[in-house]
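Trainee: Relevant sequence annotations retrieved from TrEMBL are reproduced here:
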type	residues	note
REPEAT	6-152	repeat 'Solcar'
REPEAT	160-243	repeat 'Solcar'
REPEAT	253-340	repeat 'Solcar'
TRANSMEM	454-474	transmembrane segment
TRANSMEM	567-585	transmembrane segment
TRANSMEM	606-626	transmembrane segment
TRANSMEM	659-682	transmembrane segment
């Protein structure tokens, strides 16, 4: 523990050095960027933009002399006329008594030149004090959190290696941005206003204007900017690092490599997240009297409507010019300081805790078969490009001294999780069958690195499908699904002009749903239309994100041949899903809808078609995840792990996997029953728990004829079924977890399986709690969307748990898949 704390302090010192250097270097560019963005609303048409969305500090120049000053502009005031009194606090005049004409800052160079001429060097470094206050704690928290999360993730969940940089960077950024948000607001206001009078006074003005909650203005936009920034930055950074590592023609130091990768990754991430940086700046300079600024999405929409898409990228050059060297200096200094402080080792993969006893056991096991050793040394030599003399053991060869290329990293993570189980067991593990499995394992581990980009792609597609499910839930809950009454599979632009919106609205009025919503205005129609349009466009984006890389990998012959059928099925599922979605929508556009809903005088889509649509989405998500898991952790690895386990451990692990599989199957039926709950709005009734009203079993659960319809269309029985299935799922997961947590079993399970079981238990508990809370609050939209998203998280963790327990499958099936 002391060593870990010492390392943490060293990393903090490394991060601090980079933060201080970066702050001094990029502050002028930051000031220029803020000035450019804070004047963005000055050219906005008065009639189209609400007043409170138009905060702006504008630099003006005297019309008859050369003096310059700053003019606070409000939509309540037009430009002053000769003779106008200058007592208004929003207006200024020069010493000669003449008023200023506005100066527009056009570009980064112009902004820097203008600030230097009018305010001097001090103006270029305005806001340096809060910048320094932010730099050290924010950077230390960010980089150390990222390092620790990445290392722990690689140790606990190696199968998630493709997405670990994205997850670690996003979580670290959320923590850092939230902690420093108030100081960030103060800095932005100081940098946007040359007349700002210090940190304390600006702080008091913010409190006086909107209360303490105003200090969090811009936090949502900051997170919307920084979380994707971190995900893009660290993913790109780790990818570029790995590419340079594998390059034989590039000979550069670790610090130089970090500098190059940091600059390129920062430029990419900065460009893609600039719109929310613009929104963040405007929100933080906004003097909202109510203490609550304009919502980020509304402000972004106003910017696009008044200035076009280019308005959302105001200050892009300044931002890239600031971020690229900032990231390069920060990460380069951080890596250099870590190297000087002795935090780098020969093994770039952290927490590699193979001790002498582990190596001794590994050596003893692997030398029991000369035939196995010959195949293994050939495979290791080919995989790591290291010559291994025949007859030497892995512990004696360069295998564990190399940079963990290609096969060595997967081999280490697999065996490390299992070696402690064989320390006190002297068993002969390498039979003829086992030698074949081991040879297959070497080949599959050679392919793990080659298949990692494919796994990244599949996990990315799975994430997009999960987002589709969540957005689809929000579309249903906001009653937006029937707003688009036509289906054009090959492209569909939304209405752009008022005339086009009116025409679309008139088309919507021809269908039954409008007869129940006759008071709807055009603005309300635009709101529901946006949800349905976004849902459809996201679906097409998912299709492109799957089809284009699939074609690329196929043309490059990178796809595993045994998975061709799987990829074809996934493509067919995606194509079919679009048709099923329209088939579902059509049921709600018909004059006579579902019988139960017609009795309630409400037009809705058919619950049967809704359940079909949702089921196809979850099947697609599951196939994407399982295929990705197989690529990063092939079945042959589980076969080798099985052969290294004692009979008692295998027996208990088999029981755990069998019970968990059954519980997960019940969870699948729970998802299906949830679709019918949503389809007939069963959640709006019996908003009590644990009883349904005053009864454990409500009356009228079999009132409909024929009886089987009650399970799908009768509100009491549909909700009762969902409750029973959900609690059965929770009981099954809890019982399986309790079975696995027995000391004699838990200590023998692989670390990856333990982590997956912990995550699944937390997910099922959270899902049940969300379901009860949603029911008791009569299904508010945010809670309902969170509940549906919880099902996605629970499914992901459940599949990971089953995959991590693959070694407990029947030996014949496991070996057949491994070979």
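Positions of Cβ are set from backbone N, Cα and C atoms, glycine also.
Nobody curates TrEMBL annotations by hand; they come from automatic prediction.
Could you tell me the structural context for the features on the list?
Mentor: Predicted-model confidence for the repeat 'Solcar' (160-243) is 75, expressed as mean pLDDT.
For the transmembrane segment (454-474), the list of distant contacts is 162-163, 531, 534-535, 538-539, 541-542, 545-546, 549, 553, 558-560, 613-614, 617-618, 620-621, 624-625, 627-628, 631-632, 678, 781, 784-785, 788-789, 792, 796: same-chain residues at least six beyond its ends, Cβ to Cβ under 8 Å.
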Trainee: Per DSSP, what is the residue count of the repeat 'Solcar' (160-243) in each of helix, strand and coil?
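Mentor: Its residues fall into 76 helix, 0 strand, 8 coil.
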Trainee: Excluding the flanking five residues on each side, which residues at least 6 beyond the ends of the transmembrane segment (567-585) place their CB within less than 8 Å of a CB in that stretch?
Mentor: 481-482, 484, 487, 489, 536, 539-540, 542-543, 546-547, 550, 559, 605-606, 609-610, 612-613, 616-617, 619-620, 623-624, 627
Trainee: What counts of helix, strand and coil residues does DSSP assign across the repeat 'Solcar' (253-340)?
Mentor: 74 helix, 0 strand, 14 coil
